[in-house]
């Protein structure tokens, strides 16, 4: 099948999935941030599809690209219309009840707040409320975090029994992201976690798929990231402005963008990497390196030289190449289709099946 037809089939399948997800929004509970997380996932998927259309420009005619763009626009319109329909109207009625209370007194007009003296600002606030349901706005307001003692235990929340292995913790009430002590889960961080990227850690994880790329894809990169005690898992670490420390990882695959990467006591790990300096390994074996997959590339990575294959082994002092690491040839690397279809999760597919598709553990 030629690339043009293959992309056309992929595009149609993606659009069908997104339409179904949008249709399901009204049935998702708005409490606990579940609906907002579903909306975040749809928005990220639409953005990813838009990037794929741009990537396919080399082999798709201009007419097809125009049709793809119009279809994506209709998806965005459908999503906005659905959000507007499912936004609770009673809360807006409640706010306007005070319209009947001495409107001559500015202090009784709920539309006027300190620093706001125009109807235009009021209208903008209402428009914002329509796009983002009030419950989600309260949970995800960037200007104010709840007191420390009200922070949620997201690890405990993710560990609760559920019919599905998929978890999308918002981390909207947290200052940093810490994921630990999980097995057999598919964890995807939504965009609401972008406020919690002051630091990141991922420890004691087995047989999991964890994607942390969405909250760090638009400028909110981690200053640093620690990955420790991970086995038989896929970790998409997102973007890190500083150093990534990877310790005690085995039979796994890691994807990350970083300034520095230090790897200790790891074995049989595939690392897909964009690194601004030489990666360093120590007390490691069976390490395989590859460049960052195209689906995770952003404009920020383009200008920088990627030193993914300039690995320094601090425990190999002899002349010649260290036997503890090698590069993955192009035919050994996972395809872009796998990154795009498996990592976001597939309906009815278990974590074990997804890991198998991704070649984890290595055979």
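Each Cβ is built from the backbone N, Cα and C atoms, and glycine gets one as well.
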The annotated region 'Disordered' range in TrEMBL, which must be one of 40-71, 136-167, 168-199: 136-167
Range annotated as region 'Disordered' in TrEMBL, from 73-96, 97-120, 217-240: 97-120
